[in-house]
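Here it is, the structure in full.
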């Protein structure tokens, strides 16, 4: 809230709610969203909800969510009931429901899955009817965004307990929260709509702008710089890769690459990751309706990118993510595991297992390119979509002295070879004769990941025990922490990338907290330690 003389200005974010009295002016900006206002003409009190979607695609969570029509309206009704006033005494108005994302022909078919503005309007009218309310005015439709005002002037009619502005309950998005501010840059209007709708469902993410190409994006960023960019690669006027390089040189900003599932898209994505992008997600290739209803991974990629951004310098040249200071935002530091010089192990290390996520492409490059050809066999899980892992392994192979390639089911683990788990599949280490091999399967996701670091580490503990060495590297979440603990319990050497060199100090932090890590090291020290272990 911002006081403006005797009037208090309140700007309501999408998914936000407000109810109260006093001399208050409520404002919000609507696109395809709809705002419902309730106003009591005698008591001069009222409220507003700003919902984004007509309903959930899945079962409601325990906590209500103001982004969905029925849940937002229920909150307003509860606030009215708490005043002792009758709901039917309030005047209702509807705002918004604009057509935001027409197709290339400028028209959006009625009833289309993208016509969310129509479904929002229908939901709002149905909710008013269900509560025996009739809208005294409707300011709906049109193209583009609209602004919605509501002003209350206190006349002393409410009980003191209800005079304070009532903001949303815990867990709801309201004007006090600071969501991750995202810009979507893609030349396809449909893709901008799909990505915006997926992100809009998350209470901690706000899409503040979209752009059809990097030049339009740069104009908008000059006025309002986002926290994270979701960036297409192939666009007119300037491709995403060129824009990314310019951006990192001018003002490093977290970037999530949204790429196509093609060889050309995979190669460009690897170049983008090398240029400073921190995450990659796939554009939908299935039906768009199915894409909207499934867990796409895009919100998590945005969250990871935002955390990586905590350590980005916004002045001066770009810094390679693998060398950047980036403590996890919002968490107190975790005491580092012991990092004294490592004593020689009493048993040979025959296999090295490595797990990484956000920032891992650069971190793995820094480590694997420093290894000698005689090092122990390596198995790697890097969280990455299907098809991109082959391009990633190919890039590492071209830069390294050891051989690096995407794993196939039954591949033997041998000295001087690093096998990278294919995206979309699980990889386990198994015994094979007197040595080891990998089993690549279509097992279910673990910790929401396929491949999962925990799956690899736990299988390594079973198969190799004390003859293994495990390394957990940069990434968000806790995948790999339990598996690394299991490796330590079976006698393996366990290492973690230290906080100073992580893009996101999440997975290593969780492993340290569990007691799974014997030593926390920087990237060069990890490479030296792995290089000490020739095949035993």
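Keep in mind that glycine also has a Cβ here, set from the backbone N, Cα and C atoms.
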Looking at 145-172, 173-200, 201-228, which stretch does TrEMBL describe as region 'Disordered'?
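Comparing 145-172, 173-200, 201-228 with TrEMBL, region 'Disordered' matches 145-172.
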Which one of 312-332, 333-353, 354-374 shows up in TrEMBL as region 'Disordered'?
312-332
For 232, 383, listed as recorded positions, tell me which one has the smallest number of other Cβ atoms within 10 Å.
232
If you draw a 10 Å sphere on the Cβ of residue 479 (active site), how many other Cβ atoms land inside?
29
C-alpha of residue 232 (4-aspartylphosphate) to C-alpha of residue 383 (active site): distance in Å?
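Cα to Cα, residue 232 (4-aspartylphosphate) and residue 383 (active site) are separated by 20 Å.
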Within the chain of residue 357 (active site), which residues six or more apart in sequence place their C-beta under 8 angstroms from its C-beta?
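Set apart from residue 357 (active site) by at least 6 residues yet with Cβ under 8 Å, we have 304, 382, 383, 453, 473, 474, 475, 476, 477, 479, 504, 506, 507.
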